Every structure is written in C-alpha cells, then in structure tokens.
C-alpha cells in the first residue's frame, strides 16, 4: 500500500509537465487537459476593488503574493461579476448562472440577505460546481464567508447550508461581516432599526401621555387598560432600541464548523488565525487529492478586521492595512501548498465578488476600495467599477506564465471550467451562462465565447455589453443608471448603496452607448452624430436582450420581503435564546 501511494504521488507531481508536453505537441491540447483532475483552490476577496492590487496598476498598495500569482499565471483584465453585491454574485459564481435564474435577486430593494435568521437562500434545486465535483470524487471544502442562506423552516434544518450544496466541509460565517458586527458608525442595519424603534417609541409615549392626561382631566373617556398597554409598549420599544445592536452582533456575527456553532459572537482577534489554521488543516488532510477548496475571505469588508501587527502599516489607512493583511494570508496559503508538495498539481484562482465600495466613508476617511480607472463601484449594476474584478489563474507547467487576456470573461465561467477539469458534465437540464475558459487560458482560442454579457441590478437589467469580434470592438449599452449624489460625484454618497429602481435612477431613451475598447472609463457617450453604426449597435444589442429574456423562467425571489425578514424560530443560537453565547474551540496555534 505504501508503494502504491508513493506511485500515485509521483504521478500527480509529473502531471503538469506531461500536460505541458501535450500542449506543445497538439493544437487540441485543451481536450487532453479535460478531466485531468487537478486540485482546485479558489480564492475570493469580499468588496475588493480591481485597483487595489499591484498587478492591476496600484503602486502604493503592497500585494506581493497576489502579484506573484499573476506573474506565474494568467491575468484577466476584463473579468466581470454577474452582480455588484455579495449574495447574487456568489450565487452566480457557484452555479454558473445569472442570479435572476435562481431567484437570488429582489424587486423591492433588499439586494442581499439581511439576516441569518431569514428563510431565503440558494435554492436546493440549484446545482453548484461543488456538488458536481463531489460526485466525481473530490474532497470539497468552503472556508470563510457563505451569505447564501441557512434555514428554511426551523433553526436546525440548514436547508441552504454549504453542506447541502456540495461541500463536505464548512468552517466560517454563514452570514457576512458587517460594520454592525463591531458596532461601527458605518452601519448596515443597526442605525436604521434604532431610528425606527425610537420613532415608534416616541409615538407610543405620546399616545400614552395623551391618554393619561385625557383620563385625569376627564376629557377622554377611556379605561386604564389602553393607557397601561401603550405605556408598556413604549417602554418595550425603548428597551429594544438599546438592545438591537447586541441582538445583531449575536444573531449574525458568529462562526460555524459544519453544522455546529463554534463561536457566538465572533472574537475578532482570533478570526484570521483561525481561518488560516483551517485552510492549512484542510490542505494537509486532503493532500493526496483531488480536492476543491473555496477560500471565501472575510477581507476586505467592513469593519475591516485587522490583526495588530498590520495596523498602521499601509499608506491607505485601515482599508489598506486590511488589503495587505489579506495578501499576507494568500502568501501563507501558497506556502502551505509548497510545503505539502501541492503547488504544481493545484489550479489556483483569485478574484473578488464585485467592485470596491465608494460609499463606505466617514468624513474624509475612505473605508472602501479603489476601482482604478473604472466608473462606479459596489452596488451599481452597470458601471464597470461595480462589476469589473480581478481574475488570476495559476497552474505551473500548464498555464503560460505572465499571460494577459483582455477578452470578456465572467465569474460564472469558473463553473464549467472546473467541472470540465474534474471530468464532470455541465448540467443539460438548465441554462448555464458561464463558458469554459480552458481554451482561452491555454491559448488554443484567441476569443472568449461570450458575445454578450448582461448586467443586472436586482432583477432589473441595467446594461449589456457586445463583443463585436469582426471589428474588435467592445460595445457597452446602459439602459438604466443611478443618479449620483451629489451630482457628478461618481457615487451615491447620500445612501449606503445606489438604488436599482425608482426616482433615483434614470431610464435612458435612447440608451447610453460606450466603446469600452477605446473608452474603458465610460466617459465619452456616443451618439448617432458621433458614431456611424449607433443604430445598428442598438438594434443588435436589443435583439440579444430579447433572446436572453426568452430563456428566463419565473422563479420565487429569495431576497424579497418574505424571504428576507428576521424570524426568531430560524435564528441559530448556541445558548438559550436570546442569550446566544459560546466559545467551543481553543485559540489557534
């Protein structure tokens, strides 16, 4: 058995070299690489701007480990997220499908899952690449952020849990980091809820005082019962406004190992070492492969949890410190691959779920990312800054080092790419929007298979791009854009995030047209007077939109009001509710 095991390891170590020889001998080498079953390591940052990384043009942020991946592999410069916010983008990444197909969108403004104790989530009838790879014999793990739902009918059914979507192992947050986890002034939920509760308290207190005065002066013929009830309700609301912050911290900011809560609420100073320890443990346990590991970083989402030895070290404040710490984490993971002899047999992919947030700002201090030359940011369905993200692939000896590809690609492309590498079949019973990237990465194809890409904001189509290959032109058409606040600011600074519909968006007739191949910053609007083929482009894009919309089927919207309200009976709790507190694992080594 020892001899056979050693032979297996030797074969896996020679695999990349053998594949490289095949690539040099035959133009159809990509078909030889299919089903080669490498280990697959997927790294996804949270809220990272494409301009935050050295290899994408930042010369003041230190990201040597991510830059090394690009130097040793293939860098995609037109890599597009299917959505500009966390939940829908991650759903599209895992399924290879626009989030509107799975219902991971909203029509009322709830654009991501709002609570761990909500019933919405990635539907069980969706097929993730993890599910297919597990069926093909891969060990599958997810470490870090999930944010695709947890429970449906009870606090323990875990119907949306990663382990029900193809992952053998899960360690991390079933929800997402938020400013509220650290009771930051930059608040996603707490401040808004406190304001509403305080308003209701004032109303009920006024009612109670009015009834008391009317009762004592005999002007209002009322019994004492409604007076007492209104007064008690006012006191309860006042108490709730004080405790809502603690409720959010305990309800959403916790860690799980598989189906068990290990830390509620999270101890931030332990989080990064625990994540790294878990990654190293998974790699060591499964080094005889094959494995799929999805490391979904909590970085660089607010509240920007950063260890003390990285604080104050960057040139860009706390946000820069957090980016540089994440890069250090990438380096530690790469070191583990080297130590375990896995580097040459592992395909690595690095990306972000969407663009950096421009509205994360307190005074003159920016707590969000930089999107480089691209307009807009997180939450903006059509502008490039919200959806153009890093895309780096490394597979030593197989993928050419230092290659740069400017063709349009999508996060959804990872689905068919890894399924093909694992020897699996892409589902034929549903529309898969992603395209296999292997021919493009290997250089056996010069053009992306994406002629069109659609850009949604919630369930509303805001923009579309057309790659007109015969002209070498990348057209971008905007049907709807948000109204920036203040005007011309490039972001919605009066809000947490730009809206998708309503009075604060503009519906363009005719739509806005840009040529991204000459104007990637989307600064020069083309008109019939300035662009001779204006109407032909509009007609072709509109036809593509109609063809795309004909492939859509009605599905329940997981992020609408019913699926996105907090339900106490769905709330995970490792102690007597609402005193949810536990610490079940030792400090990291």
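Cβ coordinates come from backbone N, Cα and C, glycine included.
Noted in Swiss-Prot for the protein shown:
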SIGNAL    1-31  signal peptide
BINDING   46, 47, 86, 353, 354  Ca(2+) binding site
CARBOHYD  58  N-linked glycosylation site
MOD_RES   86  3-oxoalanine (Cys)
ACT_SITE  86  active site, nucleophile
CARBOHYD  125  N-linked glycosylation site
ACT_SITE  147  active site
CARBOHYD  258  N-linked glycosylation site
CARBOHYD  344  N-linked glycosylation site
Would you pick out, from the glycosylation sites 125, 258, 344, the residue whose Cβ has the largest number of other Cβ atoms within 10 Å? 344
Cα distance (Å, whole number) from the residue listed as 'active site' to residue 353 (Ca(2+) binding site): 12
When you measure from the Cβ of residue 353 (Ca(2+) binding site), how many other Cβ atoms are you left with inside 10 Å? 29
Under 8 Å between C-beta atoms and at least six apart in sequence, can you list the same-chain neighbours of residue 47 (Ca(2+) binding site), or say none if there are none? 86, 300, 301, 302, 352, 353, 354, 356, 357, 368, 369, 378
Spatial neighbour of residue 125 (N-linked glycosylation site) that is closest, considering only the recorded positions 46, 147, 258, 344 and their CA atoms: 147
What number of additional C-beta atoms lies within 10 angstroms of the C-beta atom of residue 354 (Ca(2+) binding site)? 33
Under a criterion of Cβ-Cβ distance under 8 Å and sequence separation of at least 6, what residues of the same chain contact the residue listed as 'active site'? 86, 87, 90, 112, 113, 173, 174, 175, 176
What's the CA-CA gap between residue 258 (N-linked glycosylation site) and residue 58 (N-linked glycosylation site) in angstrom, rounded? 38
Tell me the Cβ neighbour count for residue 58 (N-linked glycosylation site), meaning other Cβ atoms within 10 Å of its Cβ, over all protein chains shown. 20
Near residue 46 (Ca(2+) binding site), how many other Cβ atoms are within 10 Å of its Cβ? 22
Between residue 344 (N-linked glycosylation site) and residue 46 (Ca(2+) binding site), how many Å separate their Cα atoms? 27
Surrounding CB atoms that lie within 10 Å of the CB of residue 86 (Ca(2+) binding site), all protein chains: 22
